[in-house]
Each structure stands twice: as structure tokens, then as C-alpha cells.
Amino acid sequence: MESLTLPAVRHAYGTVKLPGSKSISNRTLLLAALAQGDTEIHELLASDDTQRMLDALRILGVKLEQTGLHQWQVHGTCGEFPVKQAALFLGNAGTAFRPLTAALALSHGNYELSGIARMHERPIGDLVDTLNAAGAAIEYLQNPGFPPLHIRPATLNTSEALRVRGDVSSQFLTALLMALPLTGEEARIEVIGELISKPYIDITLNLMRQFGIEVLREHWRTFTIPAGSRYKSPGIVHVEGDASSASYFLAAGAIGQGPVTVEGVGRNSIQGDVRFVEALERMGADVNTGDHWIKVHSTPGKLKALDMDCNHIPDAAMTLAILALFADGTSTLRNIASWRVKETDRLAAMATELRKVGAVVEEGNDYLRITPPDALTPNACIDTYDDHRMAMCFSLVALGGVPIVINDPNCVAKTFPDYFERFSALVHA
Ligand SMILES: O=C(O)C1=C[C@@H](OP(=O)(O)O)[C@@H](O)[C@H](O)C1
Ligand SMILES: C=C(OP(=O)(O)O)C(=O)O
């Protein structure tokens, strides 16, 4: 297996222009494909997850043209995919698999959806149950509750509220919200159980609004899509920089004194992961924010340990687990059970790999408690479990003045193909 050795460094400073947000890119592609009119998308993320969505839409008959390095023109289909029989391979992209499942359940065709082996271990039963209860015809091709799926033509009845569980992944609710306007009827969704990862629902509602649909939200329980809702292209959509990808550089600024500036997200961001900076501030770093940039620096010395509910920032919270190695005591990251059903079991993977660099780690069902070592272990070989965030997170250990080996570094391609080039340009002995 390929591996990458990152040399020992102590400082991080400079400016990084962020790649586009994965969450905004894949939502925008789907909504632009379903809309009336053409949409020009600027700063679209170029990565494995967005490539899976682009490939799928093309197979479904959507006309897509690349008009610049990160610029695409999408010709809207007015809610009707031209191709009615297709097999789609969606890799490990949750933001493609879940929303396309719901949209295709309403598209009156025969579709097979599959992914990599790990995608076939990631749950989708809550979404399928909700859609089938409303009349959809979705079957499991292997294990009940999991991809791959076969979707047959069916008509959904939305006269009664659709009830969906919210405590495994918010992507099920996102998928229903984005797809139900295709019925043209009023649709109500009731969330059962505590909704996790709430800020991702805000991204969904924000983008639906940009495409002309205003969802009525009552607390985090009930969502109503008005009758006659239709997606209309706003003309141009600018994709913000990815706030989760920003977390690695912002953390580098906190560990390696900075200043590190990320460009592409700022105080007006629609992404919940910008709230990662609140944790950085609590740990003692200095944060400045403009409309489209965030800057972090810190004074030499240890960061303050943290005890935090991380449910609202599940992806950036992984970066906090690495920051805990540089803190003055034991840190606890709480309410992160969803880590177990992502690219890998991230609670187990993070605990195992943090121990390799010398930390003492307690792995709970839904929390991690991390006590940093007196000295980090040099030359630890970090397994990344085909999880882009494991690879990006552990690069930060090099800032503790120890070399570190990252196995299978190319797994970062899921959301950030040139991450290691950007990281290496920012860090200094
Ligand atoms: O809707 C989205 O864009 C996402 C929602 C989150 O998933 P969960 O809702 O499963 O926590 C997040 O972890 C994922 O990277 C992207
Ligand atoms: C959980 C993630 O991805 P997905 O969109 O596939 O759920 C992630 O990017 O951390």
C-alpha cells in the first residue's frame, strides 16, 4: 500500500484558497438538474464525491457542460430525468446516494443504485422505509436496510405526513426535502427521534430557497413543502469554500501559531462547520472572521482542553480529536454516535490511531475522551480506513515536531484531492 511520510514541523502560516463545499456542490448539482432553466455553477468542488453525482446525472440524461476549471453549466430537466432505466455507481458519496434514492423513487423509472463495499454497510433503511410507506417501490438487492437498491416506477401518496427517523443521518431528511417537490402536491415530513447534524438541514433549506422553494419549518420536527412547488434556476450559484476542509488549516494555525487564513468561507457561510472556530476559541486560539475569510493564530504553549457536544459539527469534530493531542489536559468530544456509520467506524478508527501517537483514549458509544501524551510518538504509521478525514486529520500530528506516516494518502480524493500539496505548502520547520 502506498504511504506518505510527513516530516516533523512546528509552524504553520500562510493563506489557503479552499476547494468548494462538498455538501453545497452535490445539492446544487441535483437541484440544478431538477430545475426549470439553466444554472451556471461557480467553484464546484472537483473530487470523487462530486464526480459520482456528475456521472449519475449524465447517465440520467441531464446535459452538463464544464465551462471553466471549476465552472459548470447544468441544463435543467423541469423535474423529469429523461432516462427511465439506469444503473448508477455512487462510490461512497452519501450526498449523492441518499438524495438520488429519494429523487429516483419519484421519477417513474427502473434504477439500480450501488456503491463501494463500505457504502453497502452504511444504513439507508430509515429513508427507504419512509418512501415505501408513502407508496414507493424500493427493494434491497443484498442486505435489508442497506444499499445496493432497486427502484421501480411508483406514485407517491403525500396526503398523510411522511415520518422519518432523524437520529442516524440527517441526509435522509435532506433527501426527502429535496425530492418531494417533484410530486407537485403539498408534502409534510415529521421527524421521529432527535434530529442529528441539524446545520446540514439548514444548508438544504437554503439551497431549496435559492431554487425557488420555501419550506415551512416548525422547530426541527415538522417540515411542509407547499403544493405547486417547482424548482426554478436562480441563474448562477456560487459554491462556498468547504468549511469542513477549512478545519484542517485552521487547526494548523492553532497548533503551529499561524497566522493561517482560509479564503472561501466566512461569517456569512451557510455551512454549520464554520462553528468549528468556536471550539478553537474555547481552546485559546485567536480567530478573526471576514465575509469570505477566517484567520487563526495562537500564542506558543499548550491549548486548553475541551469538553464539548459536537453533534452540530460531526465532520469538523474529527479535527478536534487531533487538537486534543496539543491540549493541557483531557478533552471529551460528546454526542458523536453518527461517526460509526460514516466512511468507516470513525470512533473506533480515531481511538486506535490516536493511541499509536501515544494518547490515552476512552472510546464510548457516542463519545471520545482523549488524554494527550507527554511526548508524541515519532514515525507512527497511521491507517486511514479509506476515510479522507482520517488522512487529513492525522497530517496535523506532524506539527507536534514528529514525523508521521499516512497510509493510503490518496483516500483524500473523496473531497480534497490535492490536500497534501496544500498542507505541505503551509507548514514550516
Ligand atoms: O448533508 C450533508 O451534506 C452531510 C451531512 C452529514 O452527515 P449526517 O447527517 O449523516 O451526520 C455530514 O457528516 C456529511 O459529511 C455531509
Ligand atoms: C460523512 C461524510 O461523507 P458522506 O457525505 O459520504 O456522508 C464526510 O465527508 O465526512
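For all residues, glycine too, the Cβ spot is worked out from N, Cα and C.
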Co-listed 3-phosphoshikimate-binding residue [TrEMBL; alongside LYS22, SER23, ARG27, SER169, SER170, GLN171, SER197, LYS342] among ASP55, ASP315, ASP366, ASP374: ASP315
For GLN171 (phosphoenolpyruvate binding site): DSSP state (helix, strand, coil): helix
Pairwise CA distance, ASP315 (active site, proton acceptor) versus ARG27 (3-phosphoshikimate binding site), rounded so that it is a whole Å: 17
Maximal Cα-Cα distance (Å) across residues annotated as binding phosphoenolpyruvate, namely LYS22, GLY94, ARG122, GLN171, ARG346, ARG389, LYS414: 19
Assigned conformation of ARG27 (3-phosphoshikimate binding site) - DSSP reduced to three states: helix
